[in-house]
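Q: Here's the feature list from Swiss-Prot:
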type   : residues  : note
REPEAT : 110-143   : repeat 'TPR 1'
REPEAT : 214-247   : repeat 'TPR 2'
REPEAT : 326-359   : repeat 'TPR 3'
REPEAT : 529-561   : repeat 'TPR 5'
REPEAT : 616-649   : repeat 'TPR 7'
REPEAT : 755-788   : repeat 'TPR 9'
REPEAT : 790-821   : repeat 'TPR 10'
REPEAT : 883-916   : repeat 'TPR 12'
REPEAT : 918-950   : repeat 'TPR 13'
REPEAT : 986-1018  : repeat 'TPR 15'
REPEAT : 1230-1262 : repeat 'TPR 18'
REPEAT : 1264-1297 : repeat 'TPR 19'
Amino acid sequence: MSSDDSSLMASIIYYSQEKYFHHVLQAANVGLERYSSDPALQFFRAYGILGEDHIHDAISELEGIQSHPDTSLCAVIALLSAHKSCDTIDIEAVQELESSLKEIRRSASSTALYYASLFLWFMGHHDKAREYVDHMLKVSSGSKEGYVLKGWVDLTSSKPHVVKKSIKYLEQGTQDTKDVLGLMGKATYFMTQQNFSGALEVANQVTLACSNFLPALVLKMKLFLARQDWDQTIETGQRILEKDENNIDAWQILAVHELVKEGNTDRAADRVRNLIKALETGEPHNPNLHLKKILVISRLCGRHQVVHRLVSGFLERIFMATPSCALVATELGYLFILHQQVKEACLWYKEAMKLEENRLAALAGSIWCQILQGQLEEAAHQLEFLKEVQQSLGKSELLVFLQALVAAKKQRLEQEATALLKEAVEVHFSSMQGLALSPEYFEKLDPLFLVCIAKEYLHFCPKQPRSPGQLVSPLLKQVAMILSPVVKVAPAMMEPLYVTAQVKFLSGELENAQSTLQRCLELDPTFVDAHLLMSQIYLAQGNFAMCSHCLELGVSHNFQVRDHPLYHFIKARALNKTGDYAEAIKTLKMIIKVPTSKAEEGRKSQSPSVRPSERASILLELVEALRLNGELHEATKIMQDAINEFSGTPEEMRITVANVDLALSKGNVDLALNMLRGITPKQPCYTEAKEKMASIYLHTRKDVRLYIGCYVELCEHLPGPHSSLLLGDAFMNIQEPEKALEVYDEAYRKNPHDASLVSRIGQAYVKTHQYAKAINYYEAAQKISGQDFLCCELAELLLKLKKYHKAEKVLKQALERDSGVKDIPSMINEVKCLLLLAKVYKSHKKEEVMETLNLALDLQSRILKRVPLEQSEMIPFQNQLAASICIQIGEHHLAEKDYDSALKSYKDALAYSPTDSKVVLELAHLYLLLGQLDLCEQRCAPLLEMEQTHERAAVMLADLMFRRQNYETAINLYHQVLEKAPDNFLVLNKLVDLLRRSGKLEEAPAFFELAKKVSSRVPLEPGFNYCQGIYFWHIGQPNEALRFLNKARKDSTWGQLATCYMVQICLNPDNEIVGGEAFESLVGDSNSASRKESQQHGVRTAEKLLREFYPHSESGQTQLRLLQNLCLLATREKANVEVALGAFIEMAQAEKDSIPALLAMAQAYILLKQVPKARTQLKRLAKVPWTVDEAEDLEKSWLLLADIYCQGGKFDLALELLRRCLQYNKSCCRAYEYMGFIMEKEQSYKDAATNYELAWKYSHQANPAIGFKLAFNYLKDKKFVDAIEVCHSVLTEHPKYPKIREEILEKAQGSLRP
């Protein structure tokens, strides 16, 4: 054999060490075709034959090479091993071989020692192998082959300190050479040390040097898997199969990938079939390897029934090949018990115990079967015996789990059971420490066993979702922690996903639970339990229509859903919630007749049955339905039946707590409290009972002392962080944050790494306005616990306190900490920090906002690429977050008036979340803003059909219809919304504006009356008063308007708008055109002194209002500055006007195309007699497209420009602007007044009178100047009676109005006299 043909020898050694005996045999035969007399190859062939259990053939082969000096030593050692494996041992031959071994060893060459060491290593005798290789290295003066072998021997040791030394020998063995086996050793070493880049570099060297050396590609595949790079893993697996279509490792990894990542049953089954075929053809006589390679599939097959059958069938064939192997029988028992096939499991465990009576795993499995069959006494007795054995053998997670089962089912000891479950989990995960992702990792992870533990925990968890503000049960947190690593690496496994969804549901994370269930249903649309849980989530959200839809959807996918009692139970709960108590009672009474299953674990029988916990829920729901239906006597009877039925069971306390609710509904508070007092600290539900008692003391008895006393008792009897948190929260509830702080602080000292405690302490300090202490606490706690979410809470607090630089520093430090290799949670946290940072920058570094949001979106895109592979249940939520970032970017572009970029961002948001109605609404609103009405309508129409978006869609469509001048449709849309919610003041406000703009403001009072009917408190509501104030302002009653707006001025929602309008009314009570001079010559000077005094009083009042105005938003600050300078403008004093103008110019420069600032500039220029400059600004505004938000200021700007044109005699240009005003506001009395003025100037008195009539109508006859002009034009048009009538109307309200009596009334009356 050629000395440089290291690739063939490396393959043989690799396969020998991996126990691929047939591969060894084939590779040796290939070598022997070229080197027929090579003793080393003959030895390896013999080793392969021996491994396949053809012992006599192996002995013959080994005896043939026993005389060769290179293989004599290894042949003798192998012969000894072979003889000892025989059913009948030839003692004489063994003795002869042992004496021969001593003699040969003394004179063995380095080569002989090398092969002997190899064989001992293959057989797992590490110490002996090391002894031989050390001897060989002495004899050979440091052979490189010897160093490589010594490196491998140490590398595969079970002792970590020995493994670490292996690299030294591997380095020595590969120095100045590309020894394939040595390089493989180095790559494997780096992999064990999780230096994946180093391992990949070495593996690439091997594949470059020997492209056909498959073990190197297999190693690369395993390396990519260890790095959790599934794409590269699968690609490498496919490459291996191109070279070797029956490669066992490749098919195993591809099968694992399909089971844990894709979840496609058909493909998974195909890949498992291919793995079994590869094992049966590639290694036909190797049952140990078969078992080793199929075990991971056995652990992962989950709900895939086809895969389960393939695995169980293959394991049975392995058992038939080795009928004396108790391990295979035990594994079959374990496979069946995990799939709740207890009968089959029992048979196999019995078989295992026949073969090996003291096999711990088989005994434990047998006890598990007894527990599931309800044989608790016998199981407990057996466990006592095994606990003694366990002490000598070390802890077994299965035995600890079984102890927990017995504690829960036989002795009803919740605390002991949960403590044992926790211990089982700790023992389980301790065996996985340091393991990289690999088939071995998945095998040890054993997801279905963890699901069994999780389900046991759930028996002690609340049965209903957590209410807002209530603490999450620590047990639910424990279950989430158990399942988290499973769901992370195996997101396509149904059972862990489903139980995770249950945990999220019970924790009150309803949307997260929905996302997880959605993933379950994508994997298997026929999964009954997932449909039922999804409908329960909708029920908890109050979405009864979707609850029913979900149930029917489940039926459409799987008719067996209807046979499930839970289907009818959920339906009954939905009926109860919607008030159909009679139908709910009928349904519940029907399912009460369904028999109860004995075990909680699950049902495999065909006939429907309910678990005890489900039956308890059904009875309690029936009690509730009867109570709500007024059948209290029947409710009490059913409750008593439930108490009798569940006495002494885990459901007893739950029934007791429900009985308390029934007693309370009857008003029997004392009975309720007595029942709760009967629950002792040793019983489950003790915490819930104390919480219920506390609630009664607080809300019914109004006794704060006894309320707190309940939580103090809880802390005394069940001390721990959870009880302390409840006591602290109780103090917070009664507004005693100082005492809450003491409790939180004491609990924190005992648990300095509990971030939830830090969060509460921080919130308590904020509540007591001790902001500096809160900041210090967050900063100190962050250093101790290193919890990133605390840094976000701290940054939010600093932002609230306007400490922008400090908030920026905190967030930047957190982002620097998170740099480097990131997992998904740290990336998610980084996105949160970036979004907070963008919020900070909005307040003090606007130029940085866009870049920060883009960074967040870029990072979120990377998360979305990784989530499908690692945590697929998070996809919907992460898509929503990406959409919200796009919307924030769009809003930023919108503020900058960059509409094209804004549109792109909103479309990007929709790409991330196509069905998110909020995103669709935002896009529709942008289309409306851009005047793309058809596209807006297209987006809004479907949203009208959905209840949760109907209101906003209707409001938007109403705006759209108004722009199309379809006023009736617009008003009807608002009307529909207000009929459902008359006290929706945001919509009422929009309707008042729409009625005004469509010329129907007289219809508004009817809607005010409708709102008042909802509640007697409506007239006190700030929103209602605001709407009334605006109404009175528009009908020309400024004093009434101020009275109502003042009632809304202090409100957080309506205050800013109310103050702005009040200031404008004070500065301009007659709603004149500021700067307009066309009508000034018509106004007499007789009252100029009193008019000036009135103006000054208005300015003083406006300034006083602004001194009490404290806006929190940036837009509010801008509004305040604008109003302060409008006060200066209203004085009409040149110095003040110039100061105001300077401010307006600054504002217009700061905010591109700011319409309020440009209008104010124009008004200031006119007051300063700089009309051309004013006209320039107003012409800019004339080109701006109309929007609802800017409507008022645009109308004022068009009227002011029309005034300038009127003064210059450019009536055509003025009329064009006035018609535009009327297009958007049919009630614009000023536009009609200017049109009347123009007609009057053209001596068209009839047309002038027509326009003044409309101006008089829409000013609600409140402006005497318009009345004067109308009467004058009636006089000119010889309509004397009409003129007299208008004069009387004016004089009734304004008896001293100048000139009207002499110049019009008397002349008209004189003209009527004959």
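Every residue, even glycine, has its Cβ placed from backbone N, Cα and C.
I'd like to know what surrounds each of these features in this structure.
A: Helix, strand and coil counts from DSSP across the repeat 'TPR 1' (110-143) read 28 helix, 0 strand, 6 coil.
Across the repeat 'TPR 2' (214-247), DSSP assigns 27 helix, 0 strand, 7 coil.
In the predicted model, residues of the repeat 'TPR 3' (326-359) average a pLDDT of 91.
Counting same-chain residues at least six beyond the ends of the repeat 'TPR 5' (529-561), those with a Cβ under 8 angstroms from any Cβ of the stretch are 465, 498, 501-502, 505, 510, 513-514, 517-518, 520-521, 567, 570-571, 573-574, 577-578, 947.
Counting residues of the repeat 'TPR 13' (918-950) by DSSP class, helix then strand then coil, yields 28 helix, 0 strand, 5 coil.
Counting only same-chain residues 6+ beyond the ends of the repeat 'TPR 15' (986-1018), those with a CB under 8 A from a CB of the stretch are 951, 955, 958-959, 962, 967, 970-971, 974-975, 977-978, 1024, 1026-1028, 1030-1031, 1034-1035, 1188, 1191, 1224-1227, 1258.
Counting only same-chain residues 6+ beyond the ends of the repeat 'TPR 18' (1230-1262), those with a CB under 8 A from a CB of the stretch are 999, 1035-1037, 1071, 1073, 1078-1079, 1199, 1202-1203, 1206, 1211, 1214-1215, 1218-1219, 1221-1222, 1269-1270, 1273-1274, 1276-1277, 1279, 1286, 1289, 1293.
Using a Cβ-Cβ cut-off under 8 Å and counting only residues 6 or more beyond its ends in the same chain, the repeat 'TPR 19' (1264-1297) has close neighbours at 1079, 1082-1083, 1229, 1233, 1236-1237, 1240, 1245-1246, 1248-1249, 1252-1253, 1255-1256, 1303-1305, 1307-1309, 1311-1312.
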Q: What parts of the chain pack near the repeat 'TPR 1' (110-143), using Cβ distances under 8 Å and only residues at least 6 beyond its ends?
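A: Distal contacts: 13, 16-17, 40, 43, 47, 69-74, 77-78, 81, 104, 149-150, 152-154, 156-158, 172.
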Q: State the non-local partners of the repeat 'TPR 7' (616-649) in its own chain: residues 6+ outside its ends, Cβ under 8 Å from one of its Cβ atoms.
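A: For the repeat 'TPR 7' (616-649), the sequence-distant neighbours (Cβ-Cβ under 8 Å, at least 6 residues beyond its ends) are 412, 463, 565, 569, 572-573, 576, 581-582, 584-585, 588-589, 591-592, 610, 655-656, 658-659, 662, 665-666.
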Q: Using DSSP, what's the helix, strand and coil tally for the repeat 'TPR 12' (883-916)?
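A: Residue counts for the repeat 'TPR 12' (883-916) by secondary structure: 27 helix, 0 strand, 7 coil.
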Q: When the repeat 'TPR 18' (1230-1262) is classified with DSSP, how many of its residues are helical, how many are strand and how many are coil?
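A: Counting residues per DSSP class in the repeat 'TPR 18' (1230-1262), I get 26 helix, 0 strand, 7 coil.
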